[in-house]
Amino acid sequence: MASTTLLAVLLLVAASAAPARSCSPRDLQALLSVKQALGNPSTLSTWTPASPDCCSWDHLRCNDAGRVNNVFIDGADDVRGQIPSAVGGLTELMSLTLFRLAGLTGPIPACLAALSNLQFLTVSHTNVSGAIPESLARLRGLDSVDLSSNQLTGGIPASFADLPSLRSLDLGHNQLTGSIPAGLVQGQFRSLVLSYNQLTGPIPRDDARDEINTVDLSHNKLTGDPSHLFAAGRPIGKVDLSWNYLDFDLSQLVFPPEMTYLDLSHNLIRGTVPLSLERLSTLQKLDLSYNRLCGPLPKGHGVIKHGCKPYAHNQCRKGTPLAGCQDLEWSE
Ligand SMILES: *[C@@H]1O[C@H](CO)[C@@H](O)[C@H](O)[C@H]1NC(C)=O
């Protein structure tokens, strides 16, 4: 009995300490419009005026002021329609996630640019198509943008390079064309993924010194010499530039010693395997296959610990063929 009373008191205290959060009527209206525009999916069955505190609904969170700041709709196969313009009415939204929604079609609406507090935007694994709106770059607080695995076409807006806090950009698995805007591969990025598109032209040069964890530009039609990505003093973790038309001499390249992943396979890379590879002690993945590299192979442990596969299928055009990997392994 005493413990029941204690529990009741505790619950009372907890309830009165919790911030008063009744959902803003404006957000409630916007959410109901969003639900309707998505075809009233059963996934959003808790979104109903019958329970008027929208902060208690599924697939969203509110801030302490009772404003919706996070909406996440994922894995729902009954969602049908376009990204509703009513989303633009959720003006306190910090995070919007629309993930694995095969029935989500049409363009990314320009009205998303009204979400001036947005930091995290994910529209991924959907059938959203059309161009990436230039106006998204008005969202100065954007920290992370994931628009991967959609049907997006057109170019990468150059204005994305001006976003001051963008640390992660993933536009992979779309049908984007044109070149990579200058300044996009900037220091403030921790991760830049543009793989599986149809991007052309060179990888733009920049003077950034900051850390980059991941650069994945694989499976495009990029050309030229990307050596500047590995510039001395720039810590970089994972680099995947495979399946492009990169044509440059690898012989003298000095890789940053902290690299963990390096895939340059399926390009037109010339020269020899650089000596700096010997010092990459933390490298877990290496692939230089399907290029035009020549021999001889440096003998250091960093070169041979990955076996022979990373050097296979190189068609040396001028010089000694890149062979003898097996011999090196046995002599270790
Ligand atoms: C796009 O729509 C097609 C046909 O409805 C579907 O098979 C495919 O899975 C959808 N794509 C994605 C990424 O959901």
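Just so you know, glycine gets a Cβ as well, placed from its N, Cα and C.
TrEMBL: automatically predicted annotations, no manual curation.
Over in TrEMBL, the protein carries these features:
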- 1-22: signal peptide (SIGNAL)
- 25-63: domain 'Leucine-rich repeat-containing N-terminal plant-type' (DOMAIN)
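Sequence-distant contacts of the domain 'Leucine-rich repeat-containing N-terminal plant-type' (25-63), counting only residues of its own chain at least 6 positions beyond either end whose CB sits under 8 Å from a CB of the stretch, comprise 69-73, 76, 78-82, 84-87, 89-90, 92, 103-104. Broken down with DSSP, the domain 'Leucine-rich repeat-containing N-terminal plant-type' (25-63) shows 19 helix, 3 strand, 17 coil.
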